[in-house]
Amino acid sequence: MKTKILIVTILIFSYCYLGRENDIFDDEYDYIVIGAGTAGSIVAGKLSDNPNNKVLLIEEDATNPNIWTTKDWYDHFLGHPDPDISRAFYTPAEPGLNYRTETLMRAVVTGGCNAHNGMVVIPGDRQLYDGIADATGESQWSWNNMASHFSELKSKFYLRHLDDNRVFLSELKQSIQSIGIPLVSDNFGGSLRGLTNIIDQSKPDPQLGQRRETTYSNYIDAVLASRSNLQVLIRNRAEKIMFCDNNNSTSSTSDRRACFIRLRDTTTNTIRTIKVGKELILSLGAYESPMLLQASGVGDPAKLSQAGITPIINSPNVGMRLLDHIYMNYAGKPLLGSIQSPPQSDWDNRNTVADGFFLFGAIDANSSTNDYTLATDIQYMWDGKIYFNCAVEMVSPQSEGEVQVKQVNGNGAAIQPLIEQNYLSARHDVDVLIAAIKECRRIQSRLVDNGILDGSKPEFSSTAGDTDQSLEQYVRNTGNGDYHPHASIRMGRADDASAPLTPRLKVRGTSNVRVIDASSFPIPIRNKINIPIAILAMQGADFITQDNN
C-alpha cells in the first residue's frame with residue numbers, strides 16, 4: 001500500500017474543512033461509492049464497519065458551513081441557491097404546468113440533498129415496503145424486514161418532536177380530528193393515514209439553536225478519522241464507468257464488469273482512474289445516476305448512438321419512468337380579528353415544514369394508503385397577516401418522465417441532459433390535487449365554525465376559485481415539482497428483463513455495479529423521500545455484504 005501523504009492546501013473561496021479528505025489515494029478499493037449524499041454516505045459508512053473492506057466515497061464538491069443552520073435552509077436551497085451547495089437542471093416547457101419551465105435543484109455537497117432539504121422525518125409505511133417486495137419478488141424489501149432498520153435510524157439521529165401545544169396548534173389539531181380524521185400516534189408504526197405530528201432531523205445547538213444532521217455527518221464524518229479503511233475524495237466528478245473483459249483490458253464486448261471509474265478533479269481539471277476491486281455503487285440520485293450509466297454505454301442503444309455514445313449494455317429503461325411529487329401552496333381564511341395573536345417576532349421560524357401537522361389523505365376514503373399530504377398550520381403570510389396555511393403535496397404520481405443524455409464532450413462525459421418530467425400529464429395527478437384543496441377547505445370550514453378563522457374574509461389564495469375547472473387552472477398555474485425525483489432506474493423481478501435493476505439493486509447486465517438511491521424505487525414513494533432513501537440504503541448495504549461473503 002502506498003504511503004498516505006496529507007496535503008494541506010488552502011483553496012481560495014473553498015469551504016472545505018481540511019483533513020483526511022485531502023489525502024493522496026491508493027488506486028484500488030474494494031468498494032467505490034459515487035455520491036456522498038443520503039444513500040451513498042450510509043452505504044459507505046456501513047461497508048466500512050468491516051475493517052477488511054477498503055472503501056472510497058466520492059463527492060463532487062465539499063462540506064459547506066452554510067448547510068447546518070436550520071433557519072435559512074430554504075434561502076440556500078431555493079431563495080438564493082449557492083452553487084457550492086446546489087446544481088440546477090432545467091426542464092423544457094411543461095405542458096401540464098401551462099408551459100412553465102421548472103428548475104430542478106440537486107445538491108453537490110457532502111450530505112447530498114440531506115444537506116439542503118426541509119429535514120422532515122417520515123419513514124414510509126407498510127404499503128411502501130410491501131409494495132417494493134411485491135414489485136421485485138424480494139422478501140427482504142417487505143415491511144417486516146425493513147422496519148427493523150428503524151432502530152438504527154433512531155440511534156443515529158436526533159429526531160426532534162415539536163411541542164404541539166404551541167400557539168393555535170391545539171385548536172388546529174382539535175378541529176381536524178373533529179371532522180373524522182384520526183390521529184396517528186406513531187409515525188414509525190406502519191400506517192400513516194390520518195394526522196401526524198411533525199418530526200425533523202436536527203439537534204439542539206448552543207450557537208445555532210438547532211443544527212441540521214445529515215447521513216454524511218453521522219455515518220462518515222463521525223468515524224472518518226478513526227478508520228484507515230475509509231477514504232473520502234471530494235471535488236471529483238465521476239465521468240465514466242470503464243468496463244473490462246476477463247483479462248481486465250478495456251473492451252466494449254466484455255463480460256460487463258466495471259473495472260475502473262474515471263474521475264475529473266473539479267478544481268484542477270485533472271483526470272484520475274481508480275480500480276474497482278469488488279463493487280461500484282452509484283448513489284447520485286434520480287437524474288445523475290442515469291446520466292452516468294448512459295454516458296458509460298448503459299441504456300437505450302439507439303438513443304446512446306444518437307448522442308455519440310458507444311452502447312455496451314442494452315437497457316432501454318435507464319432514465320425512464322421518472323417520477324416526482326407536485327407541491328403547491330394553498331392559504332385560506334385569515335385569523336378572526338377578535339383573537340389576540342402573538343407578535344410576528346414570535347413566529348419568525350414557524351413554517352409548515354417544521355411546524356403544524358401533516359395530514360395523509362386519499363381520494364378514496366376507504367383506502368389504506370395515501371394520495372396526498374397536507375402540511376397544515378396557522379401562520380403569518382407575506383402580507384403580514386395570519387392565515388390558515390395548507391401546503392399540498394401530490395405524492396401518488398402517475399405522470400412519468402425521462403432523463404436522457406443527448407450529448408457528451410470530447411472525453412465522453414455527459415453534458416446537461418434532457419429532463420422531461422411530464423408533470424400533470426396523467427389525469428389522476430390533477431384529480432388528487434383538486435381533492436387535496438377541497439380537504440384543506442373542509443378543515444378550514446371547521447376552523448371557521450370553531451371561531452378561529454374569519455369566514456367572511458377572502459382566502460389568501462383567492463385565485464383558486466370554487467369550481468373544479470378553476471381549481472384545475474390554479475393547480476396548473478401554481479403547482480411545481482417537489483424536488484423529490486425518483487424511480488428512474490427501477491428494480492424489477494429477477495425474470496423482468498425490462499427492469500434496469502435486479503431485486504437486489506444490481507445493474508442488469510453487469511456483475512458488480514449497483515444503484516442505491518432514489519432512482520432505484522420501483523413504485524411511487526408516497527411521502528417525503530429522504531428517509532425512505534436512507535432505509536433503502538441500509539438494506540442495500542446488507543445486500544452487498546450478503547452477496548460478497
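Cβ atoms here come from the backbone N, Cα and C positions, even for glycine.
On a predicted model such as this, the values are computed, not experimentally measured, just so you know.
Some features that TrEMBL has for this protein:
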BINDING   V109, N117, G118, M119, V120  FAD binding site
DOMAIN    285-299  domain 'Glucose-methanol-choline oxidoreductase N-terminal'
SIGNAL    1-19  signal peptide
Greatest C-beta neighbour count within 10 angstroms, which of the binding-site residues V109, M119, V120: V109
Assigned conformation of G118 (FAD binding site) - DSSP reduced to three states: coil
Sparsest-packed of the listed binding-site residues (N117, G118) - C-beta count within 10 angstroms: G118
Averaged pLDDT, computed only over the residues in the domain 'Glucose-methanol-choline oxidoreductase N-terminal' (285-299): 98
